[in-house]
Every structure is written in structure tokens, then in C-alpha cells.
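Per TrEMBL, the features are:
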COMPBIAS  395-408  compositional bias 'Basic and acidic residues'
REGION    374-408  region 'Disordered'
TRANSMEM  31-50  transmembrane segment
TRANSMEM  59-80  transmembrane segment
TRANSMEM  100-117  transmembrane segment
TRANSMEM  241-263  transmembrane segment
TRANSMEM  283-300  transmembrane segment
TRANSMEM  312-330  transmembrane segment
TRANSMEM  336-362  transmembrane segment
Amino acid sequence: MMDGFRTTKDTDVVDSCSSTLDFATADKITLVWGVVVVFLDMCSDAILVYEHLVAGNTAYFGLTITFILLPSWIITWVSLRWYITESHDPQYKEYRMNPWGMVVCHVFQLAIAYRSFRSLSYGLRSQDTKRRPEQRRTYYQLMLWEDNDASVLRLIEAFLEAVPQVLLQAYIINTSQQSQSTELVQKVSIAFGTLSAAWAVVSYARTVRLSRDDHLNLSWPATVVCFLWRLHVLMPRLTALALFAACFEWILFPLCICRWVLMFTWLACTLHVSQFPQRKDKLLFKAALAGIYVFCMVDLSPGSRRWRYTLFYSATFVENSLLLGLWFFFMQVKPWYTTLALVGSFCSFCVGIAFMVVYYAFMHPNATAVSRVADSTSQRPKRTSDSSNSQGGVNKEEITHGYKETPV
């Protein structure tokens, strides 16, 4: 059975967290910021539902509230399933929080916020030097587990709720006349939805690194650069899909299905998933991941990412260009933002790729580690490779190995 992305067997021992129990201020800010982004996105969507209802837009009201409630129910069900799995393991029962708080928060569809709060609470308890070392270590492991589950739920929320909501509201803006107040709320919802999706990917990358003792954590500057990379690549993708839908409407669905089939085939052939023992679970996971690949790439495969990123982003750039080109040539009335959409999408994508290059060249944890080792080595007398290895010297191959097997 699965609890987040971990198996029940993984909870038998607490041995995968950092020996130093690092829980920096940046980690606390990241947890709070993730909740704030999701909360702002939810509030803007709720106001949008009210605006559509008051304006008498029954169809838009129904679609908007469906895109809010259905993903929320799925997230709640997944989170509750994980809690049921946890309840079967009595090992950490004395460390768990009051279950009534969990029930209330899930009733009100606040699974992500609740897990983030639990992660923050466990993290703060792990830093209490008055507790016994084994207690602090247990709280630290619980913090990592809750953060892992919250990051996975944020990914689900981002690509089941936020991204479809962005496309829906962008389609409505481009195809029908709305009141100024409704259109303003729609634009705010689009902005928060895009930010939420980009941050969900970055949050997951941070969580994966934080939970691995053999991998360096993302620094705060690296997190910002990674977020800018994801945001600037995601914006033109959503713009292309939304404008294409405004012109060709339902044709967008078979287009996305074709993209999903291609991505699923690619992942089925190349991605090895060790977390799921059963083949059907692996296929379901790859199918869900392929849905994310329709919009952006979350690379979980080991090995060099250069060619995978090159292939994915080249194909995405070509597809975005085709979608925008078809929209431009077949749109009967050219809106005022035509040039802005075309030029802005191209520039945003290029800026995103530039941020990705900067991230991997200078900001990636292993890139900075190699740089520090190289600097320290250059200041010491040269030794032969044999003597270096025999005296515990740092091997560059060992440092870069973690980079190859860590998402983002």
C-alpha cells in the first residue's frame, strides 16, 4: 500500500532523514508560502463562482464549480487514504496529532493546508533541544513525510484544478463579454492558478531533496531561479492552449489526448518506478504523470537530463508555435493583444529556458558542490588520485551522481 510516494515498509525504521536534522528558515517559509498560494487560488476561484452566479452565467458557473469541487474531492480522498494507511502502523501513534483536527480539515477540503501545518509543527518539534535525540529524529521524519504528502497533493491540485481553471477562464475571456468585475476576478484567478502550478513543481523538487540525506538541498536563490524557469515555460504553454481553444473550441480535447498518449508511451518505455510493486500501480502513476507532461515536465528518471529536456522543450516549442500560428491565421477578428500574445509567448519561453540553463549551470546544489570542491582542491598541494582516494578525497564522480538521480 502507498502512503504518499512511500510504501508502508519504509515506515518500519526512521533512517532516511538528515543526520543533522536541518530545518532552516527557508524551509519554514516554503511551507507557509505553499499554503498561501493554494489559499489565494482557492479564494479567487470562490469569488469567481459567485461572480458567474450573480451574472446569470449558469454554464460558466457550473463548469467553474465543477473544476473546483471534483479535484478537491479527489485530493481529500487520496489524503484520507494515506491517513488510513498510517493508522495501520502503531509505531508512531504517540507522536501523531489529534485526529479530530484532521477530520474537520478534510471535511472543509483543507487537506493540503492541514498537512503543511502538520509538517511545520513536526519540524519545529524536531528542533527542540529539550527533547531526546530519538524523539527529535522521529519528529523530523514525520515532518519529511507530511511535507512529501503535501507536495504530491499540491501537484494533483495544480494540474487537476488550477491549470484547467486557468484554461477555462482564459477561454471565457476570449469568447464572451463579461462585466468588468467578473473579468478582473478571472484575470486574478488565472494569475494565481499559474503561480500555483509553477510553485507545485518547485515545491516537489525541494521536498525530494530535503527527504534524501545523500542529496544536497535547494538553496533559497536556487529555488527562486527554478520557480522562474517553471513559470516562464508554463505561461506560453497555457497561452497557446487557451488561444487555440478560443478559436477551435472542442478540438483542443483530442489534441491534448494525443499529447497525453505520446507522453504516456514515452514514460512507459523510459521511466523506471521502484516505489510501486504492482504493474498496474506503476501504469496508473505514469498515466497521471503523463497528464502533467501535457503542460510541463517533471523529470523523475535517473541519468543525464540534457537530451530529455532538449527533446521535450523542442517538441513543446514547436507545438506552441503551431497552436499560436493556427489561432492567428484562423481567428476572424484579431484582438488587441495579438502581437503581445505571439511575441510575449516566444520571449517568455526563451527566458524560461535561460533560467533553466542558469539553474543547472550555477544554482543546482551539485553544481555548487562541485565548484566548492574544485576551489578547495586548487588551494591544496596536488596529490595523486590513488593517494587522494586512500585518504578520503572527494571524488567528483560521486558528487555529480546525486545530480543525475534527483528530480530537477
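Using N, Cα and C of the backbone, Cβ positions are placed for all residues, glycine too.
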Exercise. When each of 31-50, 100-117, 241-263, 283-300 is checked against the transmembrane segment (312-330) for Cβ pairs under 8 Å, which one has the most?
Worked result: 241-263
Problem set entry | Positions on the same chain near the transmembrane segment (31-50), where near means CB under 8 A and six or more residues out | 61, 64-65, 68, 112-113, 116-117, 119-120, 123, 147, 150-151, 154, 157, 161-162, 165, 169, 182, 185-186, 188-189, 192-193, 195-196, 199, 203
Seminar exercise, completed: Other same-chain positions with a Cβ less than 8 Å from the transmembrane segment (241-263) and lying at least 6 residues past its termini are 166-167, 170-171, 174-175, 289-291, 293-294, 319, 323-324, 326-327, 330-331, 341
